[in-house]
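Engineer: Copying in the features that Swiss-Prot gives for the protein in this structure:
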- 4-219: domain 'Radical SAM core' (DOMAIN)
- Arg13, Arg63, Thr94, Lys155, Arg259, Leu260, Arg261: GTP binding site (BINDING)
- Cys20, Cys24, Cys27: [4Fe-4S] cluster 1 binding site (BINDING)
- Tyr26, Gly67, Ser118, Met189: S-adenosyl-L-methionine binding site (BINDING)
- Cys254, Cys257, Cys271: [4Fe-4S] cluster 2 binding site (BINDING)
Amino acid sequence: MQDTYQREINYLRISVTDRCNLRCVYCMPEEGVRSLPHGEILRLEEIETVVRAAALTGVKKIRLTGGEPLVRKGLEELVRRVSGIPGIDDIALTTNGLLLPSRAKALKEAGVKRVNVSLDTLRADRYAEITRGGNLAGAWEGIQSALDAGLHPVKLNTVIIRGFNEDEVVAMAMLTINRPLHVRFIELMPIGSSSSWAAGRYVPAAEVMDAISAKLGPLVPARQPAGGGPAKYYRLKDAAGTVGFITSMSEHFCHRCNRLRLTASGGLRPCLYDGREIDLKAPLREGAGTREIAALIMEAIALKPDRHHMLEGWRDRRQMSQIGG
């Protein structure tokens, strides 16, 4: 289905939980965030109904997010259900990777095709700092398990933060030379309580590109790996993988936006940076069927703004983990 601005909306990001086994500084504060009671989180069968309804409106791609999606019990069963829905041809997962070693094979068998793993640094001390206690070796084990399970492509999401990891961009890009990894540099976005923390830490993608090219040679435009999305991709000479840039702040890509977001509590959000949501949980629990939910999804599509307004400030009191990454 097309929205008001003739964009084809075919992608639904689903936050299956607001809980996480890490506490990354740009995603949630160290303390004070109230987790949703289990009764307020959409049940697996409710998520399945939403996906069936979304497929009726033209959604073809699903991404499961969190929080950390792998802390949600029954995730593999949800994937099996969703993968069998007519019209859904792609299921992906965004994760910190720590729980992947024991789950990657089962997720692949259930129907997950590919994964994005959050990895902001190659230094163990910095990883522990940015995640507030995470284990870098565990993340790497998860990345390797994804490769071994055949979850291709494996994309690494790296948020660039001035004063923290901008000195690692060359090393991160070098990961793509000998391995089939796709490193995506993401501009820091001011969201939730991290807005004040992010002040002064923003690094434009152009600066990262210049730093990589100066050390490793030209970045040649490359075909996009499977999955689409907003990143622009490049390849270093003879590299096995690609380097991507997501320019949410410096060069927005709203004219190409094809997505909706479903929060863990059942709110359908037309735009990450727009506070409007359509509640799907209440109708679901009042007995609404697939076609009724599809009608609400079409309402959400009609609400999609022409572009985000990040520079005007965050319009929601919730954290990124509560909305869905």
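Cβ atoms here come from the backbone N, Cα and C positions, even for glycine.
It should be emphasised that the depicted structure is a prediction, and the values quoted were computed from it without experimental measurement.
Please go over these features one by one and say how buried each is and what sits next to it.
Structural biologist: Cβ environment of Leu260 (GTP binding site): Ile9, Tyr11, Leu12, Arg13, Ala54, Val59, Leu268, Arg269, Pro270, Ile297, Ala300, Ile301, Lys304 lie under 8 Å away, each six or more residues apart in the same chain.
Cys20 ([4Fe-4S] cluster 1 binding site) is surrounded by 22 other CB atoms, counting those within 10 A of its CB over all protein chains shown.
Using a 10 Å Cβ-Cβ cutoff, Cys271 ([4Fe-4S] cluster 2 binding site) registers 20 neighbours.
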Engineer: Of the binding-site residues Thr94, Arg259, Arg261, which one has its Cα closest to the Cα of Tyr26 (S-adenosyl-L-methionine binding site)?
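Structural biologist: Out of the listed candidates, the nearest Cα belongs to Thr94.
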Engineer: Given the binding-site residues Lys155, Cys254, Arg259, Arg261, which one's Cα is the least distant from that of Met189 (S-adenosyl-L-methionine binding site)?
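Structural biologist: Its closest listed neighbour, by Cα, is Cys254.
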Engineer: Can you give the mean pLDDT for the domain 'Radical SAM core' (4-219), rounded to a whole number?
Structural biologist: 96
Engineer: Nearest to Cys271 ([4Fe-4S] cluster 2 binding site) by Cα, among Cys24, Cys27, Ser118, Lys155 (binding-site residues)?
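Structural biologist: That would be Cys27, the closest of Cys24, Cys27, Ser118, Lys155 to Cys271 ([4Fe-4S] cluster 2 binding site).
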Engineer: In the three-state scheme derived from DSSP, which category covers Arg259 (GTP binding site)?
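Structural biologist: Looking at the DSSP assignment, Arg259 (GTP binding site) belongs to a strand.
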Engineer: With every protein chain in view, how many other Cβ atoms are within 10 Å of the Cβ of Cys24 ([4Fe-4S] cluster 1 binding site)?
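Structural biologist: I get 19 for this one.
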